[in-house]
């Protein structure tokens with residue numbers, strides 16, 4: 001089948017490639033080696049991996065904080081309004097990542113919209129360095145990925161049994177308590193799905209750091225892209241992406257475990 | 001007390017919409033700004049659009065994008081529909097396995113898929129160009145087609161097909177006169193969705209495009225990297241308008257006589 005040939009096979013090829021050597025001219029030499037993996041142990045790459053995960057985790061956390069209230073609001077609307085709001089949230093998600101990150105460049109660059117306004121108001125004399133730092137990368141990530149969080153949370157809110165909330169209210173729970181003890185635990189699956197989507201997308205992301213981050217805030221996606229297209233060290237690039245995949249799978253698994261565990265605790269209490 | 005909570009929530013949600021749309025709106029607005037470098041508004045102009053249409057490279061990129069988009073979405077729709085119909089016949093166990101496989105390309109980081117394709121094409125010595133782009137685009141959009149059509153098939157149930165067969169329709173006849181017309185909105189939505197994905201894709205195309213097969217997003221990337229020119233704003237605006245129109249049309253088709261929201 002198509003997916004098998006063009007998806008599974010290439011993935012396996014990357015695994016094979018990561019154990020091979022790079023020739024002098026950037027070609028692949030068919031000789032087994034573990035060197036690519038030893039090279040990753042260099043603290044330089046450790047730092048980049050670490051930065052990548054920090055950004056990805058922060059992106060996920062902010063997406064939950066920003067996305068949950070919006071999803072909650074949409075789920076409380078009447079049917080037709082829900083459809084319109086959902087479409088409104090989905091449209092930016094379909095617009096090109098590159099174009100959306102670039103839109104922020106227009107706003108944040110030193111001659112951009114924000115600096116121009118602040119300067120014409122006389123609040124600042126020198127343009128503020130708003131772009132090309134880790135803050136702008138984080139902003140771009142949250143901006144481009146938050147729809148991924150809203151949709152699954154909305155779905156789980158929509159499927160929730162509302163009668164439980166009524167029961168809680170009858171038993172004297174304040175709305176806040178009811179939300180904390182009923183709504184939130186019951187929509188955990190949506191939060192987990194959304195987090196995984198956001199997390200996975202942000203660890204592999206190289207557009208946002210490329211366009212909004214500048215040279216200093218390179219993440220692992222940029223390094224991998226470089227190994228393939230500029231440095232032409234495909235085996236090392238493959239090894240990096242496999243380590244990235246494995247580490248992110250491990251994190252997702254841990255996250256799954258953690259949320260599952262707290263769910264059973266909740267059930268027992 | 002209840003109302004203030006509701007007002008805060010709705011106020012917040014409107015703010016989120018502003019957050020989502022403001023950058024896009026500003027980008028579009030500045031594509032009509034006369035000034036070349038500054039963000040200061042210096043008058044309305046169409047000149048960036050005019051210079052775009054006089055630019056041979058842009059026209060070439062546009063032609064490439066459209067050709068690749070149409071061919072790959074036709075292929076993805078045909079293959080995706082066939083696969084969804086086939087999966088429906090599988091036993092539950094196989095269906096779960098295949099469905100998992102279908103979701104994988106959707107959840108895996110795009111960069112991985114781009115790399116994997118690049119490696120595959122180089123190992124089979126296939127020259128990078130339109131053909132590799134089409135193959136890659138079919139691969140990443142087919143799962144979306146399958147998700148839409150499988151949802152439609154599941155919603156439909158099998159009763160009508162059984163009825164047709166009881167009345168003596170051949171399997172082919174049932175497919176042609178019963179199943180396909182019923183899932184038509186899904187097929188159209190799937191086609192439009194793959195076309196949108198193909199038109200918009202940057203990451204995967206970035207790895208599998210050859211020097212003569214630059215697509216619109218790749219061209220935009222080149223402009224962004226070379227420094228900010230208002231032409232990028234104009235080109236991005238065109239891409240945004242096309243995407244939004246396509247998404248809305250696809251949504252209308254998908255929701256056509258389908259009562260559930262499946263996001």
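The backbone N, Cα and C atoms fix where each Cβ goes, glycine too.
Just so you know, TrEMBL annotations are computer predictions that nobody has curated.
Feature annotations, courtesy of TrEMBL:
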type	residues	note
DOMAIN	B:62-250	domain 'ABC transmembrane type-1'
TRANSMEM	B:12-32	transmembrane segment
TRANSMEM	B:66-87	transmembrane segment
TRANSMEM	B:102-121	transmembrane segment
TRANSMEM	B:133-154	transmembrane segment
TRANSMEM	B:174-195	transmembrane segment
TRANSMEM	B:202-222	transmembrane segment
TRANSMEM	B:234-253	transmembrane segment
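Contact between the transmembrane segment (B:12-32) and the transmembrane segment (B:234-253) is supported: at least 3 Cβ pairs lie under 8 Å, counting only residues 6 or more apart in sequence. With respect to Cβ pairs under 8 Å, the transmembrane segment (B:133-154) is most closely packed against B:66-87, considering the stretches B:66-87, B:102-121, B:174-195.
Counting residues 6+ beyond its ends, the transmembrane segment (B:174-195) has Cβ neighbours under 8 Å at 69-70, 72-74, 76-77, 80-81, 85, 137, 141-142, 144-145, 148-149, 151-153, 156, 160-161, 164-165, 246, 249-251, 253-254, 256-258 in the same chain. Long-range neighbours of the transmembrane segment (B:66-87) within the same chain, counting only residues 6 or more positions beyond its ends whose Cβ lies under 8 Å from a Cβ of the stretch, are 95, 98-99, 130, 133-134, 137-138, 141-146, 149-150, 153, 175, 179, 183, 187, 190-192, 194-195, 198-199, 213, 215.
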